[in-house]
Amino acid sequence: MTTRALDTANENPEQSGSWSGVLAIAVCAFALVASEFLPVSLLTPIANDLGTTEGMAGQGIAISGAFAVLTSLFISSVAGSLNRKTLLLGLTAAMGMSGAIVALAPNYFVYMLGRALIGIVIGGFWSMSAATAMRLVPANDVPRALALVNGGNALATVVAAPLGAWLGTLIGWRGAFLCLVPVALVALAWQWTTLPSMRAGARAPGPGNVFTVFALLKRPGVMLGMLASSLFFMGQFSLFTYVRPFLETVTGVHGAHVSLVLLVIGAAGFIGTLLIDRVLQRRFFQTLVAIPLLMALIALVLTVLGGWPAIVVVLLGLWGLTGTSAPVGWWAWIARVFPEDAEAGGGLFVAVVQLSIALGSTLGGLLFDRTGYQATFFASAAMLLIAAFLTILTARSKAPAG
């Protein structure tokens, strides 16, 4: 949906909506992020129960990322003919179905089917969530609405992994996934009662399909920036996906202590998202370069000092502080280089991020199973270093700076 269509929708009184509707979308965002990364905290019991390796269990994140890529690229053509409320309700229902399928999966194949379904929801929801929030409130309240929706995302990054690990020890990994179903049902009922009917607006000329979205890559500096962000997320998730087995097999952390370490990562990440805006305002590209450099250093140090629990907790806290806040910077970059096509650029960025998560978690899993954690962490560091170099090239390119 184009900016012109959104402006028309915002001017339509019957689509003014309510803050309750925005809150409903925020709850949906929380459940979705929790669903996406819940396997990170439950890889070991999932692998043991399904009779597979931890690396193969980690492919549940890879497949969700792959399907999110496809959905984010093609959702605009589908959304153009569907009422936005209907589409959101359908995606929310599918999220609940995914949690149930994974929780009841009798084998690895069904587990992967459930993860593929959540990938479809991820791609569809994030590609249209901002545009939908913009239709629910007056124009001057849009920033607050978007912050509220992203607040659900930020909250999930804090509590999802440690809560998942704790629930896994309490009621098993299947019970942890099953807990997502009532949350999805609450979000579904909330959206059903609070969201107004949101008819698809007239499609204005511009990047409205997958082919013209790819044309954005021809703009100066855009390809470099997308490659830099892609390698950043690949490096991040090739390591982060396998934090739990690393903690258990190398650091010697088990049970509830795993939950505490994951809570440290999430809490540090939440703090990072609160602080990053000020840092970006002062030194934008310097910050985007420094983050992957620091994370690469952390990955390398973990290969040497991974057996020291106190040091590992501090290092992973720094990893969460920097890694969770980095997407804020890259979204700000999107706004800079696509001032007139922010929605199309955002859709392309969603595809890049999800593809990178899929590739990173896949590569990390293959290395973890075949050669051990050190190869995984070395690969992560290498990708992060290349990301930093490409970010420097992006800063020196002729991309618009807003």
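Positions of Cβ are set from backbone N, Cα and C atoms, glycine also.
Since this is a predicted model, take the numbers as computed values, not measurements.
Per Swiss-Prot, the features are:
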TRANSMEM  22-42  transmembrane segment
TRANSMEM  60-80  transmembrane segment
TRANSMEM  86-106  transmembrane segment
TRANSMEM  108-128  transmembrane segment
TRANSMEM  147-167  transmembrane segment
TRANSMEM  170-190  transmembrane segment
TRANSMEM  220-240  transmembrane segment
TRANSMEM  256-276  transmembrane segment
TRANSMEM  296-316  transmembrane segment
TRANSMEM  318-338  transmembrane segment
TRANSMEM  348-368  transmembrane segment
TRANSMEM  375-395  transmembrane segment
- Message: Would you say the transmembrane segment (22-42) and the transmembrane segment (296-316) are in contact under the rule of three or more C-beta pairs closer than 8 Å, pairs 6 or more apart in sequence?
- Response: no
- Query: Is the transmembrane segment (256-276) packed against any residues at least 6 beyond its ends, judged by a Cβ distance under 8 Å, and which are they?
  - Reply: 40-41, 154-155, 157-163, 165-166, 169, 243-244, 247-248, 287, 312-313, 316-326, 328-329
- Message: At a C-beta cut-off of under 8 Å, are there same-chain residues at least 6 beyond the transmembrane segment (108-128) that contact it? List them, or none.
- Response: 1, 28-29, 32, 35-36, 39, 46, 50-52, 56, 59-61, 63-73, 75-76, 79, 84, 87-88, 91-92, 94-95, 97-102, 346-347, 350-351, 354
- Task: Give me the stretch from 22-42, 220-240, 318-338, 375-395 with the greatest number of Cβ pairs under 8 Å to the transmembrane segment (348-368).
- Result: 220-240
- Item | Positions whose Cβ lies under 8 angstroms from the transmembrane segment (60-80), at least six residues beyond its ends | 1, 36-37, 39-40, 46, 87, 102, 111-112, 115-120, 122-124, 126-128, 200, 203, 208-210, 213, 237, 241, 347, 350-351, 354-359, 361-362, 365
- Task: Please check if the transmembrane segment (170-190) comes into contact with the transmembrane segment (318-338), where contact means 3 or more CB pairs closer than 8 Å and the residues in each pair are separated by 6 or more positions.
- Result: no
- Given 86-106, 220-240, 318-338, the one sharing the most C-beta pairs under 8 Å with the transmembrane segment (375-395) is 220-240
- Long-range CB partners for the transmembrane segment (86-106) (under 8 A, at least six residues beyond its ends), listed in sequence order, are 25, 28, 31-32, 35, 50, 60, 78-79, 113-115, 117-118, 120-121, 124-125, 128, 132, 174-175, 177-181, 184-185, 187-188, 191-192, 195
